[in-house]
Every structure is written in C-alpha cells, then in structure tokens.
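These features come from Swiss-Prot:
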MOD_RES   Thr27  phosphothreonine
MOD_RES   Ser30  phosphoserine
MOD_RES   Ser32  phosphoserine
MOD_RES   Ser33  phosphoserine
MOD_RES   Ser34  phosphoserine
SIGNAL    1-15  signal peptide
Amino acid sequence: MKVLILACLVALALAREQEELNVVGETVESLSSSEESITHINKKIEKFQSEEQQQTEDELQDKIHPFAQAQSLVYPFTGPIPNSLPQNILPLTQTPVVVPPFLQPEIMGVPKVKETMVPKHKEMPFPKYPVEPFTESQSLTLTDVEKLHLPLPLVQSWMHQPPQPLPPTVMFPPQSVLSLSQPKVLPVPQKAVPQRDMPIQAFLLYQEPVLGPVRGPFPILV
C-alpha cells in the first residue's frame, strides 16, 4: 500500500512539474508573441513616420519644382552663346538722326524768351516844332544892318527895295527837351558868303536858323 501511495505522489509531482513546464512554455510563447507584436507595432510606427516624412518632402519638392522650371525657361543656356557672325564683318554704323528745328518746342520758345528779355527798340517820332508866321512888325532897323557888317553897295541896294514878307521860320525847343537816349544830329549850317548885287531874299535863305525864342532875321525898314 505504501508503495502505491508513493507512486501516486511521484506521479502527481511529475504531473505538476509537467504542468509548470507547460505554463512556463506558454508564458514564454506569450512573451515571445508579445515581443513580436511590439516589434511589429514599432515597425508600423517607424513606417508611418517615414511615410509622413516622405510626403512632406514630396510636397516641398512639388512647391520648389515649378519655380525651378520657370528659372530654367528664362535662362535656358548657362554657357556663353557662340557668335554666329564671322569676325571680319564690321558693325553697322548708326547714322545720327537729325531732328528739324520745328519739331522741337524748346527751340521755338527761345525767340519768345529773347523778345521778352530784350524788348524791341521803338523809334520816337521827330517832334513837330511850332512855326510862327511872319508879321509886318518883324523888321530890321538901320542899327541891325550896321551890326551885320555888310558892304555899303549891298546895303544901298537893299535900302531902295520895298519890304517883302519872308517865309515862316521854324522854332526849335531848348536842348533840355530833347531825349538823351536818342540824340538827333542837326545838319551843320553853312555860313552865307555875301555877294555883290545879291537880293535880300537870297541872302536870308543862307542865314543860320536861330535857336530858342529869339525871332529870325527881319526885313529892313526904309
């Protein structure tokens, strides 16, 4: 009986050990499966991160790519452009373009500026001097004839002639009235040379004109 009990106990102990081994194996398997699942999850996370990073890089490349294409269209050739013309051909000379003066408004404005800056010189008309008519009271006396220092035969011939009216004499204003800006040169009068048997009318024509209010030569009173 004791032997049977011992054998049962040994069998139970072995069964327990077997169960424990099974449990340990199961736990090991579960741990290994959990480790595999963890690694698989980690791989999925890494893959997702790599895909997200790749997507962002692709978006950046898509944004940069059209700008690079536009630059490549504007500057298609990076190297120097070869000259197709031969070196012995001279360049064409450019003839200067001559613009006529009537097309330039600045040139047309120069004469107007000159006209405004330098006014035109206006000539003043010669003033008309008053003419006094000859009256009978204007006559020479014997004392005036003596002052002329004329020869005696000429004076005697004048004495026997009747008095005649003389042409009107021109009255000149004093020199202060004349304009200083435009001086007028008067002709130099020629002195009369008395001749023998010369009438008084011809002699008076050669007399010098008297300036100022002094009256001209007068006829001789007989």
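A Cβ is built for glycine as well, from the same backbone N, Cα and C atoms used for every other residue.
Swiss-Prot feature annotations superimposed on the structure.
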| residue | record | Cβ contacts under 8 Å, 6 or more apart |
| --- | --- | --- |
| Thr27 | phosphothreonine | none |
| Ser30 | phosphoserine | none |
| Ser32 | phosphoserine | none |
| Ser33 | phosphoserine | none |
| Ser34 | phosphoserine | none |
